[in-house]
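As recorded in Swiss-Prot, the features of this protein are as follows:
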SIGNAL    1-22  signal peptide
DISULFID  CYS40-CYS113  disulfide bond
DISULFID  CYS43-CYS107  disulfide bond
CARBOHYD  ASN58  N-linked glycosylation site
DISULFID  CYS69-CYS82  disulfide bond
DISULFID  CYS122-CYS452  disulfide bond
DISULFID  CYS159-CYS168  disulfide bond
REGION    172-176  region 'Lipopolysaccharide binding'
BINDING   ASP183, ASP185, ASP187, HIS189, ASP204, ASP207  Ca(2+) 1 binding site
DISULFID  CYS205-CYS229  disulfide bond
CARBOHYD  ASN206  N-linked glycosylation site
BINDING   ASP222, ASP226, ASN228, ASN230, ILE232, GLU244  Ca(2+) 3 binding site
DISULFID  CYS248-CYS328  disulfide bond
SITE      ARG344  site 'Interacts with lipopolysaccharide'
DISULFID  CYS375-CYS458  disulfide bond
CARBOHYD  ASN408  N-linked glycosylation site
CARBOHYD  ASN465  N-linked glycosylation site
Amino acid sequence: MKFPWKVFKTTLLLLLLSHSLASVPSEDQPGDSYSHGQSCLGCVVLVSVIEQLAEVHNSSVQVAMERLCSYLPEKLFLKTACYFLVQTFGSDIIKLLDEAMKADVVCYALEFCKRGAVQPQCHLYPLPQEAWESALEKARQVLRRSSTMKYPRSGRNICSLPFLTKICQKIELSIKKAVPFKDIDSDKHSVFPTLRGYHWRGRDCNDSDKTVYPGRRPDNWDIHQDSNCNGIWGIDPKDGIPYEKKFCEGSQPRGIILLGDSAGAHFHIPPEWLTASQMSVNSFLNLPSALTDELNWPQLSGVTGFLDSTSGIEEKSIYHRLRKRNHCNHRDYQSISKNGASSRNLKNFIESLSRNQASDHPAIVLYAMIGNDVCNSKADTVPEMTTPEQMYANVMQTLTHLNSHLPNGSHVILYGLPDGTFLWDSLHNRYHPLGQLNKDVTYAQFFSFLRCLQLNPCNGWMSSNKTLRTLTSERAEQLSNTLKKIATTETFANFDLFYVDFAFHEIIEDWQKRGGQPWQLIEPVDGFHPNEVASLLQANRVWEKIQLQWPHVLGKENPFNSQIEEVFGDQGGH
């Protein structure tokens, strides 16, 4: 759930493919060792994919590298950059793989992986039959005989390449500010999908007028223009009544806002990006969009998703159901979520929330920092976890901010933290996508490799140490109890406050009743995040709980929905 900007500054493709794995917040990083860890991880992932492509297609390593580059889109110079890497490093990679060396040995020889004074030798694959040092020395001898070692051995930064500098700057700006990069009128809504555009918050319908944006109350009943971008405007010629007044007045419109981490934003790396037997041109069609959304897919998330699910299940996002309940809520969604977000650092980007107390509709706010307060990459992980006292102070600061920005009549729902022991229990003896071809990399090995590189996103739960996993769950329960206490004892002028458990065990039980297995609810590449199915099942449980216990939170069901569809169709889409 933690993926900082630095991840875009190592060796291109690998980071495109392994961005999820280098998942610790930048504010906590030990500098060079973290950067070296990213470079190592990216190199091992990329060399593994090249090696497996050669094996699957019974081709040479050279052909495998060219095949991989041919799969990539031209957008964002991805294909160009791939061929640049092949030209720079390809000859040496060929020589090393031709010597039957595994990807981790190759990357140590190429010095993408480094062993420091306190950094152990990290390996993903089973150790070679010969001693590790002997294998590494053999690899170095191969490179000494190479005539192509013309590239620098340190300070690699793909963003220094002239044709990638602007792309990197755009992504960096998007991540740091958490507001749309393309937003002419600076109203925090955009007509562009990615780079924090309408994949994250309702699409603007007039990007040259900052008084026009989703979620606002209509201006003069939107007689002349659609000021709130819900697709309802103008006057009914039959009776002279404005459509907004006829269809929406008294229907209690409201928006949905998520304050979340990468789980809420639906962080997702398609496994076919790493699985040689499944790779094709079609596998990477969404790569440019995913990269400019920080490898998140909020348009498919459980809270703010507006596209139909790709998973095939019937459950819908909370926004989707809120819009179905009242079509006047069209486009009123915001995903104020960020990779690495926690109660500690939400204050750094909560200003990106777009809500005006004087001119906007109320909102339902879901506070869902479900992991990073107990998850970190530190070797001594427990002291780095948020304490109940810190959680109380952090959340109260957030709620105070919301009280000064949300319109009266809003609602805030605090999500508890899950018990993440299911991660290890469900995955540790299964094969990671990189290990499925040759049955040589389990999730236990993968987690250990990340931990060695100081990149494990959750040393507490993604650990073979059962005692540590238990301690992490105990702290998560303490923090959930703190949230529950806040919800039951604190009051605010502009919103009421509720608490819901993030009961992942109930989601697992639900899924098993449908014939599924727990591991099918976890993102396969990072082995950490809930996947699309899990997010939608959780959204369904939250919706049902609200509907049963606090139905006023959802507002009325609009009796004019069918008439809105008849007059305005899909209301301009999303």
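Note that Cβ sites are derived from N, Cα and C of the backbone, with glycine treated the same way.
Keep in mind it's a predicted model, so treat the numbers as computed, not measured.
Locations of recorded Swiss-Prot features on the structure.
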residue	record	DSSP class
CYS40	disulfide bond	helix
ASN58	N-linked glycosylation site	coil
CYS82	disulfide bond	helix
ASN206	N-linked glycosylation site	coil
ASP226	Ca(2+) 3 binding site	coil
GLU244	Ca(2+) 3 binding site	helix
CYS328	disulfide bond	helix
ARG344	site 'Interacts with lipopolysaccharide'	coil
An 8 Å radius from the center of the ASP183, ASP185, ASP187, HIS189, ASP204, ASP207 Cβ atoms defines the neighbourhood of the Ca(2+) 1 site; name the other residues of that chain inside it, in order.
PRO180, ILE184, SER186, LYS188, SER190, VAL191, ASN206, LYS210, VAL212, TYR213
Give the sequence-ordered set of same-chain residues, not counting ASP222, ASP226, ASN228, ASN230, ILE232, GLU244, with Cβ within 8 Å of the centre of the Cβ atoms defining the Ca(2+) 3 site.
PRO218, SER227, CYS229, GLY231, TRP233, TYR243, CYS248, CYS328
Spatial separation of CYS113 (disulfide bond) from CYS122 (disulfide bond) - C-alpha basis, Å:
8
Going by Cα-Cα distance, pick out whichever of the recorded positions CYS40, CYS43, ASN58, CYS82, ASP207 is nearest to GLU244 (Ca(2+) 3 binding site).
ASP207
Candidates CYS82, CYS205, ASN206 (recorded positions) with Cα within 10 Å of ASP226 (Ca(2+) 3 binding site):
CYS205, ASN206
Neighbours of ASN228 (Ca(2+) 3 binding site) among the recorded positions CYS40, CYS69, CYS113, ASP207 (Cα to Cα, within 10 Å):
none
Cα distance, ASP207 (Ca(2+) 1 binding site) to ARG344 (site 'Interacts with lipopolysaccharide'), nearest Å?
33
Among the disulfide-bonded residues listed here (CYS43, CYS69), identify the one with the smallest other-Cβ count within 10 Å.
CYS69
Residues in the region 'Lipopolysaccharide binding' (172-176) grouped by DSSP into helix, strand and remaining coil:
5 helix, 0 strand, 0 coil
On a C-alpha basis, identify the one among CYS69, CYS113, CYS229 that is nearest to ASP204 (Ca(2+) 1 binding site); the candidates are the disulfide-bonded residues.
CYS229
When you rank ASN58, CYS113, CYS375, CYS452 by Cα distance to ASP222 (Ca(2+) 3 binding site), which of the recorded positions ends up on top as the closest?
CYS375
Run through CYS69, CYS168, ASN206, CYS248, CYS328, CYS458 for me and report the recorded positions whose CA is within 10 Å of the CA of ILE232 (Ca(2+) 3 binding site), in sequence order.
CYS248, CYS328
I need the CA-to-CA distance for HIS189 (Ca(2+) 1 binding site) versus CYS69 (disulfide bond), whole Å please.
35
If we count other C-beta atoms within 10 Å, could you say which of the binding-site residues ASP185, ASP187, ASP226, GLU244 has the fewest?
ASP185
